[in-house]
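Comments concern the structure below.
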């Protein structure tokens with residue numbers, strides 16, 4: 001036992017010869033000092049040559065890949081960033097020195113002038129001021145001054161463009177203006193006196209009279225219908241004594257009819273194309289001799305003719321229009337005649353002096369209709385530019401600009417009360433204007449098609465008559481402007497209308513070649 005244990009012990013303590021062999025240490029390799037090597041290389045002068053040759057050898061061997069477009073200029077990149085930082089620093093410095101208004105509305109106006117949005121989402125007044133300051137620090141404060149200067153210049157040029165120009169008239173125009181002033185002032189005094197007397201009538205009496213009038217108007221019926229021509233009838237006008245009716249036709253003929261039996265009295269031949277209007281002299285059939293000038297008419301070829309009651313041929317021609325004359329109207333005195341022309345002007349003719357005394361521009365398109373104030377002091381014109389103008393004949397100035405219609409104005413008329421004006425337009429509406437307030441006081445949605453004419457009741461202006469291309473004429477209360485009666489019966493467009501001087505008859509003429517008389521039952 002002992003011997004075996006001893007042998008095992010001996011076995012554990014002994015090891016093979018190859019396991020106990022000593023480890024051989026490798027010798028250290030010394031490459032020398034880098035500093036010494038560099039010093040030696042510089043001493044030999046081989047730095048540039050060796051560097052270039054080594055780089056060239058590496059590129060040829062394919063170990064170094066360098067293309068010409070991948071060169072990165074470190075110094076230039078750093079200088080650009082430095083310039084940007086300096087520019088931003090200078091901008092912030094300028095921004096701190098810029099004074100911006102604390103009024104938010106003014107800040108918004110400045111932003112709008114610079115073409116910037118006046119507000120951003122979630123932006124308050126303080127942020128808006130800071131944004132304006134930053135914008136001004138970039139574009140400069142002179143940009144805002146230049147913008148304001150340009151706005152003022154454009155506004156000034158726009159005002160100059162909208163300025164009303166006047167033709168230099170002859171000395172006879174000055175004489176006519178003085179004559180019109182002397183004529184109109186007494187008539188205005190008389191009208192105001194009548195208005196005061198009417199005001200003294202008890203309210204109950206006036207209300208009762210108005211109710212009776214409305215009842216009579218609601219009972220209007222077609223009293224007479226007459227075929228007037230082979231072509232459409234464009235215009236109709238009652239004589240001052242309400243005993244005759246003049247009609248103008250597209251055939252070039254003008255006809256005079258007796259009222260109320262509608263029998264043909266005269267056929268006036270002289271025009272060669274569509275006749276636009278024919279009107280009686282204010283004193284015709286009242287105090288004017290039949291041999292004198294009793295009517296005036298105009299046509300699409302620019303001709304204007306004067307007629308007497310005892311001849312079928314024109315008494316005289318008024319020359320001077322080169323384009324279409326749409327309407328002609330007598331001044332209340334009967335001395336002057338107004339014509340509207342498609343050359344964007346209207347003209348006033350003195351028939352006693354037999355000359356044109358006024359050639360008035362002011363519309364941007366053709367002038368279609370004209371009306372005179374019953375005092376004789378004012379003239380109103382409506383144009384195809386959708387604007388109307390009121391002119392003072394005593395001074396020549398445009399005293400009121402009628403702006404509001406969306407399309408052409410085809411009819412204009414003064415109320416006998418002296419301060420209301422009605423205009424009818426291609427936008428299917430009739431607007432009522434007040435000379436005292438210098439604005440539109442009511443818009444009547446009158447018809448379903450363009451309005452061709454408007455007419456106030458000639459005595460007191462107690463109602464308004466309108467006609468349109470929807471084949472109807474309508475009567476409206478004044479004041480109130482509520483519908484009273486629709487005059488339906490024409491099979492075509494209503495092209496003209498009129499009210500007799502006594503207010504008892506209404507005439508309408510149509511594209512269906514007929515004219516109709518309407519009378520209360």
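Sequential numbering from 1, following the chain as shown.
Using N, Cα and C of the backbone, Cβ positions are placed for all residues, glycine too.
Annotated N6-acetyllysine per Swiss-Prot: 26, in sequence order, evidence recorded as a large-scale study or a structure entry. Taken from Swiss-Prot, the feature repeat 'WD 1' applies to 228-267. Annotation comment: Swiss-Prot describes 270-317 as repeat 'WD 2'. Annotation comment: Swiss-Prot describes 320-359 as repeat 'WD 3'. Taken from Swiss-Prot, the feature repeat 'WD 4' applies to 362-401. Look at Swiss-Prot and you will find 404-443 tagged as repeat 'WD 5'. Residues or ranges marked as repeat 'WD 6' by Swiss-Prot: 446-486. Feature annotation from Swiss-Prot assigns repeat 'WD 7' to 489-521.
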Long-range environment of the repeat 'WD 1' (228-267) - Cβ separation under 8 angstroms, sequence gap at least 6: 273-286, 295, 297, 299, 307, 309, 312, 492, 495-502, 504-505, 507-515, 517, 519
Per-residue pLDDT averaged over the repeat 'WD 4' (362-401), given as an integer: 95
Cβ-Cβ under 8 Å with the repeat 'WD 7' (489-521): same-chain residues at least 6 beyond its ends: 216-217, 219-238, 240-242, 245, 247-248, 257, 259-260, 262, 449, 452-453, 455-459, 465-473
Positions on the same chain near the repeat 'WD 3' (320-359), where near means CB under 8 A and six or more residues out: 167, 169-170, 172-173, 176, 179-180, 183, 187, 276-283, 288, 293, 296-304, 306, 365-376, 379, 381, 383, 393, 396
